[in-house]
Structures are given as structure tokens and as C-alpha cells.
Amino acid sequence: MTNIWFDVAEVSVGQHWYWQLGGYSLHGQVLITSWIVVAVIGVICLLGTQNLQPVSGGSAATAPKGLQNLTEYITEFIRDLAKTQIGEEDYLKWVPFLGTIFLFIFVSNWSGALIPWRILELPNGELAAPTNDINTTVALALLTSIAYFYAGISKKGLGYFKRYISPAAFLLPINILEDLTKPLSLSFRLFGNILADELVVGVLVSLVPLVVPIPIMLLGLFTSAIQALVFATLAGAYIGESVEDHH
């Protein structure tokens, strides 16, 4: 008798398991995997910030270890990224935003590369990394757009919109088009790379023994990390551009 919980689902694209909420249809499988990713990040953060050991005098006995060391390394990495992209004056307030974006995309991408979501069969569609769904990547890109508009307007007020006619008024359509293409490029780049990686691995696993797809899976881990870094770096660059003083 076939066990529906451990049947390998077929590789499919564009099929969704819909949840009905009022008059709206929600992509259930995306919400499930997104909640799992958020839970994993939350647990790691909670465990990594318990019983914090302060460093005094560079002593090895008081140096952070384990998850605390990992969380401090990630925090310093995000802080340095924000400082490089946004600038010394404004970077600190944007560290939480860039850190959240980076961690969510990183863990989502790696969950798609490491967790065999497809062994769990759904009534329709299949489980996959949250970033394998265009709705997720578009939402992340729109959040980034809102963030850099907010950053620019909060610092410069309505004077922020002078950038659209700088250095010449005839550049107005081009500058508007640039702001429209930023979220498009962010969302489709991330979605396309993650979808392609999961499809290639899924097809290889179904056609050949498990050992053969391993190099592709390792490459997928590397690509997943790079995509998270690229998204966070571009988000920081866009915010830095919006708060930059033009003379």
C-alpha cells in the first residue's frame, strides 16, 4: 500500500496547493516552507544569543564559541556589508533590514538544496524552497523598493525626487524606468536561479542514482549562497544610492 507521506512527487512547475481565506487564494506550500525557514532562523538566533560570553582582553577562555561565534560572525558580516554599500553615516539603522533579507534568502535557498521537500506529497503541487516561488521573490524585491524610497525620503524629504531630473530634466523617463526595473531584476534573478537549480537536481535524482547529482547539489549550495549575497548587496547599494548626497 502506497504511503502518501513518502511518495516522491513529480517535478512540476506552476502548480500550487491553494488555501482559501475569505475571498483570497493563498499558496499553501509556500507559506508552509516560509514558516519553517522563519522558525529555523528564530531557533538559531535564540540559541546563539543565550548565555552570551563577553570577550575581555582577548582571552581564549572568554572568546565566543559555538552558535554565539556563528551569530557574531554573521552580524559582523552584515554590518560590514551595510557599511560598504550604504556609507558610514547611515548604515547602522539598515543592518537589521539587510540581515533579515540575507538570512531569509540564504536559509530558504539552502533548504531547497538540502531538504528533500518532494518526498512529502501534497494534494496539488509540491513543497519547495520559498524562493522557488515568484510571489516570494517579488515580495522581497518590493520590500527592498519600499526601503530605499523610505530611506531617501526620510533623509531628504521631497527633495529626494530631484534625483529624477538630475543632472538634466530629459533623464526623467530613464530614471523612472530604472526604479521600475530594479525590483524586476532582483525578483527574476533570484527566482530563475533557484528554480533552475531545483529542477535540474529533481530531474537528475529521478533519472540517475543518488551519487550522480551530488556535484550539482554542491554547486547549488554555492549558487544559493551567492544569490543571497547578491540580493543583500544590491539592496544595500540601492539604499546607499537613495541616501547619497549629490553635489
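Every residue gets a Cβ built from N, Cα and C, even glycine.
Feature annotation from Swiss-Prot assigns transmembrane segment to 28-48 (among others).
What Swiss-Prot records for 95-115 (among others) is transmembrane segment, and it gives sequence analysis as the kind of evidence. Long-range Cβ contacts of the transmembrane segment (95-115) within its own chain (Cβ-Cβ under 8 Å, at least 6 residues beyond either end) map to 33-34, 36-38, 40-41, 74-75, 78-79, 81-82, 128-132, 136, 140, 143-144, 147, 190, 194, 197-198, 201, 217, 220-221, 224-225, 227-229, 231-232, 235-236.
Per Swiss-Prot, the feature transmembrane segment maps to 134-154 (among others); the stated evidence is sequence analysis. Taking Cβ pairs closer than 8 Å, the transmembrane segment (134-154) reaches residues 27, 30, 34, 90, 94, 97, 101, 104-105, 108, 160, 163, 179, 182-184, 186-188, 190-191, 231, 234-235, 238-239, 241-243 in its own chain, all 6 or more past its ends.
The transmembrane segment annotation in Swiss-Prot covers 199-219 (among others).
The annotation transmembrane segment is assigned in Swiss-Prot to 220-240 (among others).
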